[in-house]
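J.: Structure in structure tokens, see below.
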Amino acid sequence: MVETIPSFGLGTFRVDAAKTTNAVKSALQLGYRHIDTAQYYNNEAAVGQGVRESGVARDAIWVTTKVWWERLSHDALVASLTDSHAKLDIGTIDLALVHWPSPDGAVPIAETLAAMQEAQKLGLIRHYGVSNFTAPLLEEALKAPGGDAIVTNQIEVSPFLANRALVDATQKLGVKVTAYMPLGEGRAHTDATLKAIAGKHGATPAQVTFAWLLSRDIVVLSASTNPEHQKANWDAQKLKLDADDIAKIDALDEGKRNANPPFAPKW
Ligand SMILES: NC(=O)c1ccc[n+]([C@@H]2O[C@H](COP(=O)([O-])OP(=O)(O)OC[C@H]3O[C@@H](n4cnc5c(N)ncnc54)[C@H](OP(=O)(O)O)[C@@H]3O)[C@@H](O)[C@H]2O)c1
């Protein structure tokens, strides 16, 4: 079993179920060992098929899914993870996240965490964690029974949203940060600073972005259905940036948030 969350994963948001199986298979064959999906993405069954058909041993792979915010009450959460478990069909799911906190705390986090523990006892999931939690919400969750087992807070982080206060608070609380939408909805590819740093290292702006996140001890999720992009993204783990590069990327932060739906917490 993979015991800790692997630092570089394949995302599957906005990937059609029809393309997901091949994307998962090619990523696993390239060396990825962490796949991120969600109930909301409607592609859990295709992710599971990719895992099963990849030729990579199931116990070498970490699969995360996420429970939609409308299913956070005890029975709804356990029922939804029973469904995810059946759709993925890969045995116990490695990690289940609360996709978004319950708006206005309608479902107490203690109830949701108790349900996550129930899902563990039933063999549906091995670990649980949260996503899109602000620092106060994360602190509240950590204090609730079972809160000390939260493995990650998955949040938006890109060069244009360094999200420094939340990243620092999460890391100080001993919780791993996982970054989503790392390329700022494609903006990283054309940013002049990232292009210049990429040129200096014979790399791509996407690789520079991922190396910057890894240098901050942040787990990276990058989504691609294109095996060439998947390979290039994976190779970013070999790129080492210098202090000057990192300072220049840090200076790109403008607090530009892309994921901010009506049910998001008050950031
Ligand atoms: N917890 C949450 O609320 C939340 C929210 C959003 C996302 N996520 C997770 O985080 C993952 C990553 O976020 P994301 O999918 O929005 O963003 P992303 O990985 O930054 O962007 C994906 C897009 O970038 C393109 N791309 C990737 N690598 C490329 C490369 N080397 N060159 C050119 N284009 C490239 C892909 O196209 P090609 O397929 O053509 O390569 C795809 O259209 C998601 O898939 C999901 O698993 C979580």
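Placement of Cβ uses the backbone N, Cα and C atoms for every residue, glycine included.
The annotation active site, proton donor is assigned in TrEMBL to Tyr41. Per TrEMBL, the feature substrate binding site maps to His99. Positions annotated as domain 'NADP-dependent oxidoreductase' by TrEMBL: 10-254. Under the heading site 'Lowers pKa of active site Tyr', TrEMBL lists Lys66.
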J.: Looking at Cβ-Cβ distances, which residues of the chain lie under 8 angstroms from His99 (substrate binding site) while being 6 or more apart from it?
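T.: When sequence neighbours closer than 6 are ignored, His99 (substrate binding site) has Ala38, Gln39, Tyr40, Lys66, Val67, Trp68, Trp69, Ser131, Asn132 within Cβ distance under 8 Å.
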J.: Counting across all protein chains present, how many other Cβ atoms fall within 10 Å of the Cβ of Lys66 (site 'Lowers pKa of active site Tyr')?
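T.: A 10 Å sphere around the Cβ of Lys66 (site 'Lowers pKa of active site Tyr') contains 24 other Cβ atoms.
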